[in-house]
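Below: one structure, written as structure tokens.
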Amino acid sequence: MFVGYSLVYYDKAILGGATIFGMRTNLDLSVVVDPTATPPKVSTQRLSWATSLFYFGMLAGLFPLTYLFQRFDVGKTVGTVVIIWGAVAMSTAGVTDFRGLYAQRFFLGFAESIVPTAFMVIISGYYTQAEQTWRQCLWYSSTGGMTVVGSLLNYGFAHIHNASLRSWQYLYLFAGALTVLFGIVMLFLPNSPAEAWWFTSEEKVVAVERLRQGQLGMRCQKIKWEQIKEAMLDIKVWIITMMMGIAYVINGCISGFGPLIVSTFGWSAYDALLWQMPLGAICFVGILLVGYVSLKIRNVRLIMLALNCLPVIAGCAMIWKSRWYRRAATPIAGYSILGTFAPVTSLIVSLGMVNVAGNSKKSFTAAATFTFYCVGNIVGPQLIKTQTVGQHYPQLWTAVIVCYTLLVVLSALLYFMFRRENRRRDMLNLDKEEGDRIAFDDLTDKQNLHFRYAY
């Protein structure tokens with residue numbers, strides 16, 4: 001799963017590197033709007049739409065593909081779609097203008113949409129409630145790890161000259177080929193611990209029984225519409241999904257425009273690629289750190305979430321209000337600490353899974369979470385107006401500061417909601433044996449009063 005989500009993130013982040021090594025001019029992604037100005041004013045609105053259309057594709061694919069892996073064999077369904085995704089990624093090398101890139105980005109997003117929701121549901125079906133945040137963080141940390149590795153790969157591919165293809169075309173062929181190989185591996189993933197081919201019969205029983213205490217149930221392939229209705233009327237589901245959208249406004253900018261933004265700080269195109277590495281390292285370490293702490297200390301997730309919002313707010317202020325000159329240090333420092341947005345998003349992913357029970361409700365929540373993830377990523381690139389580069393992109397940084405301040409407020413609200421509901425259920429003094437009996441009845445968190453929320 002770590003490898004798979006690395007490919008998901010790399011696939012999106014390639015665009016940022018490719019644009020500063022020829023793709024912008026090769027595919028007419030930038031347009032001169034005022035040739036009389038010195039230097040001429042250039043619009044990157046086409047690049048913004050190329051970034052956003054990926055997430056429109058994700059929006060279109062989320063619910064139908066979530067239905068498929070909920071209804072059918074998860075390994076074969078996900079594996080087949082991933083192989084198709086790899087083929088679509090490789091087809092980017094054949095794109096000749098921005099219109100072709102628009103179409104390719106949409107279908108790429110459509111195919112990739114199956115991965116994050118499937119991974120969230122798979123983790124919740126294999127691990128206990130206490131273990132899930134750490135496990136979700138393990139695969140989610142690949143966003144940071146691949147930012148570091150991907151920056152080096154992009155740097156290397158950028159030095160390909162005088163070849164039959166352009167350097168950015170090799171990038172997409174390489175990423176797509178790796179994705180196809182990963183899809184083949186995914187074909188062998190079992191539906192649940194009870195079907196895991198690497199367990200003995202005794203180990204399968206243990207793997208299933210250890211899930212009983214968390215009251216999260218076992219994987220059920222039947223669609224239960226009453227659970228979906230409950231999810232649609234559950235306020236906490238919408239708070240968590242809205243938090244995901246708010247948190248991801250910044251990601252659409254970094255993945256699609258990161259190197260381009262850094263180059264405006266007075267760094268060369270090659271340096272701009274390498275400066276993605278500190279941000280990626282902070283993402284990687286931050287995600288693993290919050291995941292590990294949540295494993296050792298109970299109910300600390302929302303506190304960590306709020307604390308990690310603060311460096312993002314500070315980083316935006318540093319970029320916006322500092323002086324930009326050749327090789328400016330302050331905006332680069334601010335850009336690097338934006339990496340703490342990744343622990344924030346990983347905790348939101350975890351909150352959505354550990355606090356929802358019932359397979360259909362869980363699948364709906366996962367799909368809804370990544371629907372808002374797409375919305376945030378669509379909005380982000382539209383906030384970058386090249387005409388405002390002289391003012392340091394004020395719309396972008398103002399929006400992100402407001403979003404992350406709101407996240408702190410929503411974290412506090414969820415904290416008190418979950419804490420109050422757990423106390424209410426504790427006072428009911430329910431029979432523990434009854435809880436063990438109904439643990440695998442595929443009940444929702446609202447139906448099963450033995451369920452406790454993790455915050």
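A Cβ is built for glycine as well, from the same backbone N, Cα and C atoms used for every other residue.
Taken from TrEMBL as is:
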- 1-423: domain 'Major facilitator superfamily (MFS) profile' (DOMAIN)
- 49-69: transmembrane segment (TRANSMEM)
- 81-100: transmembrane segment (TRANSMEM)
- 106-126: transmembrane segment (TRANSMEM)
- 138-158: transmembrane segment (TRANSMEM)
- 170-189: transmembrane segment (TRANSMEM)
- 237-261: transmembrane segment (TRANSMEM)
- 273-295: transmembrane segment (TRANSMEM)
- 302-320: transmembrane segment (TRANSMEM)
- 332-357: transmembrane segment (TRANSMEM)
- 364-384: transmembrane segment (TRANSMEM)
- 396-418: transmembrane segment (TRANSMEM)
- Message: Same chain only, please: residues at least 6 beyond the ends of the transmembrane segment (273-295) with a C-beta under 8 Å from a C-beta of the stretch. Say none if there are none.
- Response: 13, 16-17, 20, 130-131, 133-138, 140-141, 143-148, 150-152, 154-155, 158, 254, 258-259, 262, 267, 301, 304-305, 308, 332, 335-343, 346-347, 350
- Note on the structure: Top stretch by Cβ pairs under 8 Å to the transmembrane segment (106-126) (candidates 170-189, 302-320, 364-384) is 364-384
- Item | Residues of the parent chain within Cβ reach of the transmembrane segment (49-69), under 8 Å, 6 or more residues beyond its termini | 12, 15, 29, 77-78, 81, 98, 101-102, 105-114, 117-118, 121, 223, 252, 255-257, 363-364, 366-367, 370-371, 373-375, 377-378, 381-382
- Message: Cβ pairs under 8 Å only, please: of the recorded stretches 138-158, 302-320, 332-357, which one is richest in them relative to the transmembrane segment (237-261)?
- Response: 332-357
- Quick one: do the transmembrane segment (81-100) and the transmembrane segment (170-189) reach 3+ CB pairs under 8 Å, ignoring pairs fewer than 6 apart in sequence? yes
- Contact set, same chain, for the transmembrane segment (302-320): CB under 8 Å, 6 or more residues outside the stretch: 250, 286, 290, 293-294, 330-331, 333-338, 340-341, 343-344, 347-348, 351, 392-394, 397-398, 400-401, 404-405, 407-408, 411-412, 414-415, 418, 455
- Take the domain 'Major facilitator superfamily (MFS) profile' (1-423) and average the pLDDT across it for me. 88
